[in-house]
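This report refers to the structure that appears directly beneath it.
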Amino acid sequence: MSSPGTSTSSSSGLRHRHAVLSEQSVYEQDQTQDDEHVGHIYQDPRKRNPVELALETPKGSAFVVAALTSLSFALRFYKINHPDQVVFDEVHFGKFAAYYISREYYFDVHPPLAKLLFGLAGWFVGFDGKFYFENIGDSYTDNHVPYVGMRALPAILGSLTVPVVYAIMKESGYSTVIAAFSALLVLFDNAHVAQSRLILLDAMLIFFMSLTIYSYIRFRKLRYRNFTIEWWTWLIATGTFMACTWASKVNGILTVFTIGIAVLIDLWDILDIKKGHSMEYFWRHFMARAIGLIAIPFILYLSFFYIHFSILTTSGTGDSFMSPAFQETLAGNDMLLNSHEIHYYDTITMKHKDSKVFLHSHVEKYPLKYDDGRISSQGQQVTGYAHNDTNNFWQIIPTKALPETGRGRIVRHHDVIRLLHVNTNSHLLTHDVASPLMPTNQEFTTWPKDDHTRYNDTTFQLVLVDGDEGSAWKTKSGHFRLVHVPTKVSMWTHSGQLPDWAFKQQEINGNKNPTERTATWFVNEIIADETGDDISDRMEQQPMKQPRKMNFFRKFAELQLLMLQHNAGLTASHPYASGPINWPFLISGISFWTQNDGQKQIYLIGNLIGWWACVIGLSIYVGVLGADLIARRRGMDPIPDPVRNRLWNNAGFFLLVWGIHYVPFFLMGRQLFIHHYLPSHLASALVAGAVLNFTLSETINYPISVADGSTRRRPKQYSDIGLKGPIIVVVFGLVLFSMFAYMAPLTYGTPGLTGEEVNSKRLLSTWTLHFAAKTVES
């Protein structure tokens, strides 16, 4: 059957396009089910192969999905109690679950949902939160940790991901056989199984991502039934699962970008005047998506952090990452309990916020000439010193008249002060002389107390971080910058060590940026008041302090900024880190756990056959689209319109999911590992299924969208891949399972392997497996 505007070439079999306009109205054309506008092959569904007919029935499909799900649970729960030790990043995420149970504040670069669920699972199975997962290899059994119940959560969600992948393909119009093929690629994948059996975040991330894809496809299938209850349900479901993906792990934001791009394409199509829609109609759709895919997900994302803050109310390991104002909201926090107002003439010690070194000075002088030939002032050295010492003592000297008593003697925000080094009786000074290690920064030194010729060079303005006018300077919580009045440099330090003439202590210098964030210090303690007496009496007069209140949105904004900064700062080298270009080809994996006794190990690596099949599928898909574009440019129609539309619209969406979850990693400078590719691997399995369907037949199931009363219906078309489809998928599934079983000792960490057996499992020379036997070349 030829569609309007096309004819069939008898010589080549390729259809050639002619510019024939349909008489159908623009509106009527839009109301036609447009996933396949025209069809060329319609057939009697009863003439398909009996095996395919049986599989396409509801009972046949239910049998297939039940088998896939059962196998998925079996593979992920098999020996889930082994090893009974802390494995890889369980050292982090198990610890965070313990903190929720003990309600101790912690800091992590990932959003809290998945960790909250681990905390809930731990509480549900009776974990008391007293085991802190300190080291890989620590025993769960010896410490009575109900770890199997905690591992069961990702195992359940990882198992359910397989039927969700099947459902995505079925809802996209693919046959049961093709849907099972995509599901098998995830079912028998060693990397997905290994991640799903441990207290790790990726299984939850991938589960929620797959539900987001499924919900969005269900939503798009209802595009002819706009604004119905079912349409709203799937729109909101998409937003809900998208928020859960985002809140499970920091790279879940890529799922948000994926749906955002797909929605922009959708809205751009609605905006097309040829569709016959009014601007009012467009704005209704825009607002609906803004509600379902922006407002509701953001509210949910906020709510997870609200729960996070509500549970973690006591001081913990994450305190030091947060601002003083945040820390004072935590019960038992050192800043809350030991933060005291500082008075003029108090003797104090000061620490750098990041490096934790004390501001220090001693009688030794800077050398006349540095190694690079520059000349110094030969003044007294001012350095950063990591240990308690009387040379860390500084007295605060006022530059203004003070009352004899009362609160007028408290040091406040923006006061101009001088700092007297107690042991050498000299004032802190900086001047326009290059520092020892950084010629662009100013040298810090001291000046004798009784010499007033350089008074101005010894004056500094106290700038409290987040301070208000009149705010009192306090120990612990009063983070500050010390800005030199004449030159406007900030007192700063860095990790560089001075040479032997300064005893390899840390350099202190003047940073020319007066607002430099890393030039932040705090007063560690008050040593004595102006009389030299102990100030314990002054401390005892203060009332018992209660945790302070802080606006939720301020806490949320502060934590989000810190998460981004620290995530970007994870740049240290790691023996199992790898680049994104290596991931699809399984060039290297990650050693999760080893045990010398029995030579057991868990090595995260995917199913080589499955991953390479996905790479081939991606390559074929891009090649087919490229060839189709070139052919159409030359007026040929090598692919029937229904098949083309399915390839571009549906498989194109899968490719978008793959690309958005993969390409951004090429732009990141942080540590990267192969498990970051697992969301993209799932998407590539969907693309591979679409490519297999295209390879086996030019037929598709049509229509798949839900029609309303005004939609002009097309005759039904059915995918017919014959008997060869089930045979290919069954054979491929057996091969996949064989590879999975062969690599299973590295996935489950049992049984132990001899050196020769380890060598045999090392399918690529780039895999770094433990306990390998040495090979001797003849």
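From the backbone N, Cα and C atoms, a Cβ is placed for every residue, glycine too.
Noted in TrEMBL for the protein shown:
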{"type": "COMPBIAS", "residues": "34-43", "note": "compositional bias 'Basic and acidic residues'"}
{"type": "DOMAIN", "residues": "339-399", "note": "domain 'MIR'"}
{"type": "DOMAIN", "residues": "408-478", "note": "domain 'MIR'"}
{"type": "DOMAIN", "residues": "470-526", "note": "domain 'MIR'"}
{"type": "REGION", "residues": "24-43", "note": "region 'Disordered'"}
{"type": "TRANSMEM", "residues": "113-133", "note": "transmembrane segment"}
{"type": "TRANSMEM", "residues": "145-166", "note": "transmembrane segment"}
{"type": "TRANSMEM", "residues": "173-192", "note": "transmembrane segment"}
{"type": "TRANSMEM", "residues": "198-217", "note": "transmembrane segment"}
{"type": "TRANSMEM", "residues": "229-248", "note": "transmembrane segment"}
{"type": "TRANSMEM", "residues": "254-271", "note": "transmembrane segment"}
{"type": "TRANSMEM", "residues": "291-312", "note": "transmembrane segment"}
{"type": "TRANSMEM", "residues": "609-630", "note": "transmembrane segment"}
{"type": "TRANSMEM", "residues": "651-669", "note": "transmembrane segment"}
{"type": "TRANSMEM", "residues": "681-704", "note": "transmembrane segment"}
{"type": "TRANSMEM", "residues": "725-744", "note": "transmembrane segment"}
Within the predicted model, mean pLDDT of the domain 'MIR' (339-399): 95
Selection from 173-192, 254-271, 725-744, the stretch that has most Cβ pairs under 8 A to the transmembrane segment (651-669): 254-271
Contacting positions for the transmembrane segment (229-248) when only residues 6+ beyond its ends and CB under 8 Å are counted: 110-114, 201, 204-205, 208-209, 211-212, 215-216, 218-219, 222, 255-256, 259, 288-289, 292-294, 296-298, 300-301, 304
Three-state composition of the domain 'MIR' (408-478), taking helix and strand from DSSP: 5 helix, 31 strand, 35 coil
Annotated stretches the transmembrane segment (113-133) and the transmembrane segment (254-271) touching (3 or more Cβ pairs under 8 Å): no
Same-chain residues near the transmembrane segment (254-271), Cβ under 8 Å, at least 6 residues beyond its ends: 208-209, 212, 216, 220, 238, 242, 245-246, 277, 281-282, 285-286, 289, 293, 297, 653, 656-657, 660-661, 664, 679
Surrounding residues of the transmembrane segment (291-312) on its own chain - C-beta under 8 Å, 6+ positions past either end: 99-100, 103-106, 111-113, 116, 119, 232, 235-236, 238-240, 242-244, 246-247, 256, 259-260, 263, 318, 330, 552, 555-556, 559
For the transmembrane segment (681-704): best-contacting stretch of 145-166, 173-192, 198-217, 609-630, 725-744, by Cβ pairs under 8 Å: 173-192
In contact by Cβ distance (the transmembrane segment (145-166), the transmembrane segment (198-217); 3 or more pairs under 8 Å): yes
Per Cβ pairs under 8 Å, the stretch of 145-166, 173-192, 609-630 packing most closely against the transmembrane segment (725-744): 173-192
Chain residues outside the transmembrane segment (173-192) and at least six past its termini with a C-beta under 8 angstroms from it: 35, 52, 55-56, 60-61, 64, 68, 71-72, 75, 158, 161-163, 165-167, 203, 206, 589, 604-607, 610-611, 613-614, 646, 650, 674-675, 678, 681-682, 685-686, 688-690, 692-693, 700-702, 704, 719, 721, 725-726, 729, 732-733, 736-737, 739-740, 743-744, 746-747
Secondary structure content, the domain 'MIR' (339-399) (per DSSP, counts of residues): 3 helix, 29 strand, 29 coil
